[in-house]
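Record features (TrEMBL):
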type     : residues  : note
TRANSMEM : B:15-36   : transmembrane segment
TRANSMEM : B:48-66   : transmembrane segment
TRANSMEM : B:86-103  : transmembrane segment
TRANSMEM : B:124-145 : transmembrane segment
TRANSMEM : B:182-204 : transmembrane segment
TRANSMEM : B:216-236 : transmembrane segment
TRANSMEM : B:243-264 : transmembrane segment
TRANSMEM : B:276-299 : transmembrane segment
TRANSMEM : B:311-329 : transmembrane segment
TRANSMEM : B:349-366 : transmembrane segment
TRANSMEM : B:483-506 : transmembrane segment
TRANSMEM : B:518-540 : transmembrane segment
Amino acid sequence: MKHILLTTHGTPGARKAEALALEWAHRYGAKVTILSIINEAWGDMTCDDWLNTSTTRNTFGAYVAGEISKEIGQLWDRLRDEFQGVEIDFLSKAGKLEDVLAEAAREVDADVVIMGAWQQEQAPGFKDRFENKRLHPQMPCPLVVAP
Amino acid sequence: MSNVSVGRPDNTPTWIMSGILLCFGLLVSSGVLTGLLTTFKVHKAIDLMESLAFIGGGLGVITAILRQSRMDKPLGKFDVFVLETIPGVLFILSLAMGIRWFAEPLVIMMSSSLVPVLGFKIHKVLNLNYVVLGIIVGIIITNSWGIPKFAASGVKTARFVLKMGVILLGARYSFAELAKLGMVSIWMIGFFVLGTVFFVLFLGKVFKQPKSMTGVLSAGMGVCGVSATVACAPVVKAKCSEMAYTIGTILGFGILCMFAFPTIGKLAGMNATQFGAWAGTGILNSAQVAAACLAFNAVDIKTLKVGEIFNITRVLFLPVIVLLLATWFGKQSGQKLSFKEVVIDKFPIFILGFLLLFFMSSLGVFSPADHYKGKYLDFSYNQRTEVTPEELTVLQNAQLAGIPGLNAEEQAAFDDLVKQHQIAGNFEDRDNKKVFDETARERMRGLESILARVKGGELTLSAEVTSAIKHAVKQVQKKSKTVVTLTDCMIWFFAYGLIGLGMQITRKSLAQAGGWPLVMGGISGMAKATLSFIVVMYFVKDVVLH
């Protein structure tokens, strides 16, 4: 195993995936690419707002983009510390969760993809989950769900 | 394909839509559909159907030809703002036409046929008129198949068209009613907007929530829903999850209100002024206020007029609240924002358009002075000139019970009012204006005679029946053809805008509702809706509207 693709937003479930990826990276000497997926639904978050001018909506869009980048930056800083001694790379992509994960796995030519398990209660953050029936047929490599 | 390289969606849907519109226009003008349209009771709009179908279809064909010729060329401004927008505009227009003339009558017929099973008319309970159906169709489309790629650009015009609707509404107010309504709305909105904002901030303190979250939630719950959240989020530095939860909560609560308010309003026996005031105060989103008012009464725009005044007053509070929150949040964070960033950028410019039309109307630009005295009569077929569905029920019941003492002319006029829902000539005579108007005037004389005899004590009618007849007579007394045209355009703009806005409501945005914003939003929203209901029922009386 040479290349692990880890997808995480830093939630409790995903942290188990981070630990497993770190362990396997050490065991096999593999490179880890950390993927942050920006949910495409953010693009629709102005919803039924019709009162604001396009300037205000653009300001909001830019602010949201900045906040998402900031959150991803903080996550990557933490993982940079935790993955010391492992060759790591970072990737952020926007779109449908399942499509983006499969696309990233193909792009980095990953040997395995590691992700967190389905949680009964979602951690604070954007509420969205992978749909297995959409994800599985697309995957170009094995998918490991960290227990 | 070459069009992929320049980002142009396929031209086929534009050809298909244009074809459908033109075929529809031809079928209507040839008379093939008259039987069906008469069954649906929308035959009175045949002229408008033809105009919209031929104009829309023609525009679609021209657009498709121009797009076809430019498929390989890079997108210019004309492409982006016109050619790529028109397919989406035609898509919403087709939906609006389909909903207004086919879906709504079908729903009414099905609802009526279910009365023996259910015991009530479900479309009346759920207020399933063309406005509500339009929003529902928009929501279904966006959350099932998604907005078609060819229509994506045009759907964005819904926001602009909705603003145009509000601007046109400006031509329907008089100084007197705006002064009366304006004062009531300033007091009520001032109290409830500021009250809700401070109440949410207080709840945030009680539940020990971060200022960024309570700030963004207070604006959304207090002022105008998601719009206020969008305007305030960068000012109070809200976090991503806070924005998502708040928007989900506000959206969910707003949609719930949009459906619940008209039903509650009718059950409580509210009049147009009371419901408009309540919806304008208690419902969060401004478009949902318009939708609820039209759901309460889509025939007579009285409710919409009251609701929109409250709405506009509330929107004017938006820059004030942003300024307030910026000051409140800035104290802690030390950030400084310019007056332009906080107030000028947030000022809703379309309100200036509303005021401009109001002033033009007040100066008599659209309506000569004598028209205000009811000298101009308009008997043309129009949903706008009909009595309300509730009034129609009253009239139908009176007809069934029979009114003793009516002479032949009065009885004929009364029967025709029940049949046509308005004072008008015969459908067969619609092309002969002179005969059509003469018949209508005769019917109006019959109804006026009934009213005169009731007043003189010769006839006995219930107050509801008398009021319904008075309303029918009043509906045909118009200020000017320009105002009538502006009103019709406005109604269509609202229908169009609300369908497009429904398409912006996504399941994923709604699914974000949760966390403390849901708890605090639920408490403050319910408190505002309940308190404003009590205030309206006890303190807001009817206002004379033209």
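For all residues, glycine too, the Cβ spot is worked out from N, Cα and C.
Whatever TrEMBL says is automated annotation, not expert-curated.
Fair warning: this is a prediction, and the values are worked out from it, not measured in the lab.
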Residues outside the transmembrane segment (B:311-329) whose C-beta sits under 8 Å from one of its C-beta atoms, at least 6 past its ends, are 166, 182, 185-186, 189-190, 193-194, 197, 201, 211-212, 215, 218-219, 222-224, 227-228, 231-232, 235-237, 280-281, 286, 289-290, 335, 337, 342-344, 346-348, 351, 354
Taking contact to mean 3 or more CB pairs closer than 8 A (sequence separation of 6 or more), are the transmembrane segment (B:15-36) and the transmembrane segment (B:86-103) in contact? yes
Cβ pairs under 8 Å between the transmembrane segment (B:216-236) and the transmembrane segment (B:48-66), at least three: no
Please report, as numbers and ranges, the same-chain residues at least 6 past the borders of the transmembrane segment (B:182-204) whose CB is under 8 Å from any CB of it. 210-211, 213-215, 217-219, 221-223, 277, 280-282, 309-310, 313-314, 317, 321, 324-325, 328, 520-521, 523-524, 527-528, 531-532, 535-536, 540, 543
Based on Cβ pairs under 8 Å, which of the stretches B:124-145, B:243-264, B:276-299, B:518-540 lies most in contact with the transmembrane segment (B:483-506)? B:124-145
Excluding the flanking five residues on each side, which residues at least 6 beyond the ends of the transmembrane segment (B:243-264) place their CB within less than 8 Å of a CB in that stretch? 125-127, 132, 135, 213, 216-217, 220-221, 225-226, 229, 233, 275, 278-279, 282-285, 288, 291-292, 295-296, 505, 509-518, 521-522, 525, 529, 533
